[in-house]
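K.L.:
Shown below is the structure under consideration.
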Amino acid sequence: MGQQPAKSMDVRRIEGGELLLNQLAGRMIPKGTVTWSGKFPTIDHLLDHVQTMEEVNTLQQQGAWPAGAGRRLGLTNPTPHETPQPQWTPEEDQKAREAFRRYQEERPPETTTIAPTSPTPWKLQPGDDPLLENKSLLETHPLYQNPEPAVPVIKTPPLKKKKMPGTFGGILAGLIGLLVSFFLLIKILEILRRLDWWWISLSSPKGKMQCAFQDTGAQISQHYVGSCPWGCPGFLWTYLRLFIIFLLILLVAAGLLYLTDNMSIILEKLQWESVSVLFSSISSLLPSDQKSLVALMFGLLLIWMTSSSATQTLVTLTQLATLSVLFYKN
């Protein structure tokens, strides 16, 4: 009493599938108040519906429906049987091959195909169209005489290369000239001071190198001969001696030129060819941009102003070589 017959495995699978469909379809049917107004479903209901239908489609594509479980959604045969493949016996296969061979033999030969001819070029003639019977109109029309090309050619004027304005070149040449004059003046004064000091050291004893004009009443600190500051009476005498030494150097140089009678002899003795080769090698290493050259000279000037005497001499020689190469290049 009270006992029910045991359910078969197929029945249990069908009931399980129906329970699964009930749970999935329950989210597709809105319950209670749909929205505040009670007319339209909310976005949550729509998202649940989309997610449920995706799950149902996935299960259907994978063939996961049990037998008979799709009747809730109207799926009478969720898992259709595969179409049976035809099976050929060796005798039937041989007959089919013989029939195909006979068909190939009895088939009429193919007709020779005519090679496609190129279409004749179409030309517009005045007599082809009554509207174009007046030939003089076509001959006098500018488009008929000079037809335009298929692809229009746009002619643009050649772009002129922008040249550096003359003001910048003039300013650069002026700066280079001032720089050369400045360094030449400094080096000439330095050489003249050394020659003046050497001259004073030869003509005066070592114990009497003090300036004789510092005891004349001027409020000037003690200093050596040849180093007179501004305000000392010996300042003018110092530069007078320097001017005399400079004139003597010019006189010696003029005498050498007069004795040689030709400046080319001195240049040949100085091996001018080797110097030109050196200048050409240095010019190949220099940048071609004028702004870069200005930056290089400015950097060398800073190094010269913040370095010792030995470094100043090397930097000065480098600057003179660079400037000489620039003039040699031009």
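Even glycines carry a Cβ here, placed using N, Cα and C.
What Swiss-Prot records for 2-165, 260-292 is topological domain 'Extracellular'. Residues or ranges marked as topological domain 'Cytoplasmic' by Swiss-Prot on the basis of sequence analysis: 2-238, 187-238, 314-330. According to Swiss-Prot, the region 'Disordered' annotation covers 68-125. The compositional bias 'Basic and acidic residues' feature in Swiss-Prot is assigned to 92-109. Under the heading transmembrane segment, Swiss-Prot lists 166-186, 239-259, 293-313, citing sequence analysis as support. The feature region 'TM2' is assigned by Swiss-Prot to 239-259, with similarity to another entry given as support.
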K.L.:
Could you give the number of helix, strand and coil residues in the compositional bias 'Basic and acidic residues' (92-109) as assigned by DSSP?
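P.N.:
Summed over the compositional bias 'Basic and acidic residues' (92-109), the classes give 15 helix, 0 strand, 3 coil.
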K.L.:
Mind looking up the mean pLDDT for the topological domain 'Cytoplasmic' (2-238) in the predicted model?
P.N.:
68
K.L.:
Just give the helix, strand and coil counts over the region 'TM2' (239-259), going by DSSP.
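P.N.:
Per-class counts: 21 helix, 0 strand, 0 coil.
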